[in-house]
Amino acid sequence: MTKLALALLKRLGGMVVVLALVATVVFVIVRVTPGDPAAVMLGSDATPQDIAQLRTKMGLDAPLLVQYFQFLLGILKGDLGQSIFLGQSVTQALAARAEPTFFLTLFSILIAVTIALPVGIFSAVRRGTLFDQIVVTLTMVAASVPSFWLGLLLIQTLAVGQGWFPASGYGGPDTSFLERLHHLVLPAVALGVVNSALIIRFTRAAMLDVLGEDYVRTARAKGATERRVILKHALKNAMVPIITVIGLSIAMLIAGAVVTETVFGLPGIGNLVVSAVLRRDYPVIQGALLVVAAIYVLINFIVDILYMLADPRVRL
Amino acid sequence: MTLSSLTLPYAASLRRLFGNRAILAGAIILAAVVLAALLAPWIAPYAPNKLSIVNKLKGPSLSHIFGTDEFGRDIFSRAIFAGRASLLVSLGVVCISTVLGIVLGVAAGYFRRLDAPISRLLDAMMSFPDILLAIALVAALGPSLATVILALGITYAPRLARIVRGSTLVLRELPYIEAAVAMGLPTWQILTRHVLLNLASPILVQATFVFASAMLAEASLSFLGVGVSADMPTWGTMLASGREYMNNAPWLMVFPGLAIVFSVLSLQLLGDGLRDLVDPRLAKES
């Protein structure tokens with residue numbers, strides 16, 4: 001077996017272990033609820049019969065260990081349980097709300113990377129200039145802005161003030177895809193701009209690191225053009241930390257999406273989680289946590305593979 | 001007296017500390033925020049909950065410099081008092097995550113057998129986006145000030161644990177620790193006297209960043225209505241309640257938001273500056 005295949009298998013094994021632990025953490029979180037989760041979910045008006053019924057439905061009357069294995073078995077079968085309030089399975093509820101969250105995350109990361117890579121690279125190349133100082137200051141400020149607050153300011157100025165974009169929602173079921181995308185512009189900008197700060201800082205730092213290396217000096221000495229030195233010699237070697245931070249940003253974007261979707265009234269997974277929390281719909285909270293964490297673990301795995309392709313030393 | 005003329009025993013360290021522009025700027029902004037919060041009853045021109053229906057939704061003026069809200073309450077006074085709750089929650093989060101982070105990180109870094117299980121648990125915990133994990137924990141534990149602090153404390157503990165583990169792994173191999181082991185010093189003494197003391201700098205740097213993240217997260221949770229009770233003014237609850245009126249009264253959104261931005265910015269500046277001091281290799285990058 002090649003070294004690459006072995007390294008891949010090892011990473012795959014690690015991912016399975018982390019996924020199992022993620023499922024365990026999710027299981028534990030719902031069970032630490034003080035008192036009876038069924039009683040908490042149904043509220044103070046519930047009769048003892050209602051509570052007993054829900055306990056049976058959720059499998060809460062089985063011993064804890066049995067509940068745990070049933071939970072794991074359900075996940076393997078793709079069964080995340082039934083929502084208490086939505087009248088549909090958690091998998092259906094998540095699938096129905098996946099589209100806005102997927103496109104919001106995708107556009108935000110595209111906006112963040114489109115801003116961050118050129119600005120970060122240019123800032124490193126022009127280190128110490130006025131441009132660089134402005135970039136360093138602005139990224140610091142952008143990293144301090146809550147994305148939901150930026151979203152509210154954008155709604156106020158560009159949606160309510162200018163009327164250029166819809167202030168909230170995702171359009172009705174008959175809305176065209178383009179119209180739905182129009183609804184995503186402001187939330188994606190709010191999330192993307194805030195998250196570009198971190199990527200700019202990492203890109204700048206990674207570029208500064210490699211620009212001081214001997215091979216960059218050699219490339220310059222042998223007469224390579226500045227463009228070639230930066231894009232071919234420096235950027236290629238700075239890619240590993242940049243890929244890492246982009247992977248990390250996707251996780252942060254998913255977290256940001258929870259709040260941003262609420263601000264913009266987007267019917268996505270974030271909005272689903274918040275309403276589930278307010279209604280104590282534990283199966284939905286549990287399922288959403290699990291799916292989002294699994295996506296994050298998967299992204300990390302893909303980033304790991306990209307590393308190996310970008311830098312053969314990582315395979316060792 | 002200028003900093004350069006200080007002759008106190010710690011003058012050199014202080015000069016180094018405040019000679020860093022980021023630290024100086026961060027410290028000044030943070031000191032202003034903390035002082036305003038501490039002296040709130042004396043600085044605030046009005047009581048934070050004083051209703052005045054005739055003055056409702058008035059824009060910034062000389063008598064109400066940040067304007068008033070839908071109940072005629074003075075935004076400036078409320079923002080100052082809200083700083084108390086926001087700072088208190090964040091400080092609580094830092095304390096809990098630091099203690100948990102130290103315990104988990106030192107255990108994983110010093111005791112080889114515990115490393116793999118603890119590290120995998122940290123990996124799993126860090127797979128949850130912070131806000132999502134925090135709201136799930138708040139939902140499970142029931143919403144209250146204490147559970148918000150506990151939930152965010154648990155959420156950010158892995159960040160500290162990772163840093164502590166990494167530093168402990170390095171420390172463990174150093175000759176003076178080996179010497180302490182050879183001398184037969186009890187493990188707890190090695191850990192408290194030799195390991196923990198040397199971890200102070202990386203912990204301080206990371207704790208500053210956690211402080212900043214906790215402040216942003218608390219604001220998000222309160223804004224979503226799953227954080228501290230809406231009756232308690234925090235910058236997040238002020239934004240949440242002001243949102244309804246933002247078309248007619250944008251100042252309800254602007255000032256609490258700016259309070260968050262400046263506080264978080266001060267902590268980021270402090271964290272960055274401290275990290276440069278602790279690890280001069282990184283200073284060249286900023």
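The count begins at 1 with the first shown residue.
Placement of Cβ uses the backbone N, Cα and C atoms for every residue, glycine included.
Summarising the annotation, TrEMBL assigns transmembrane segment to B:22-44 (among others).
As annotated by TrEMBL, transmembrane segment applies to B:87-111 (among others).
TrEMBL lists B:87-271 with the feature domain 'ABC transmembrane type-1'.
Beyond its flanks by at least six residues, the transmembrane segment (B:131-157) meets 85, 89, 92-93, 95-97, 100-101, 104, 125, 210, 213-214, 217-218, 220-221, 224, 226-229, 232 of its own chain at Cβ-Cβ distances under 8 Å. The transmembrane segment annotation in TrEMBL covers B:131-157 (among others).
The transmembrane segment annotation in TrEMBL covers B:169-191 (among others).
Annotation comment: TrEMBL describes B:203-228 (among others) as transmembrane segment.
Sequence-distant contacts of the transmembrane segment (B:249-270), counting only residues of its own chain at least 6 positions beyond either end whose CB sits under 8 Å from a CB of the stretch, comprise 22-23, 25-30, 33, 57, 59-60, 66-67, 69-70, 75-76, 79, 82-83, 86-87, 208-209, 211-212, 215-216, 219, 235-236, 238-239, 241-243. As annotated by TrEMBL, transmembrane segment applies to B:249-270 (among others).
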CB contact flag for the transmembrane segment (B:203-228) and the transmembrane segment (B:87-111), at least three pairs under 8 A: yes
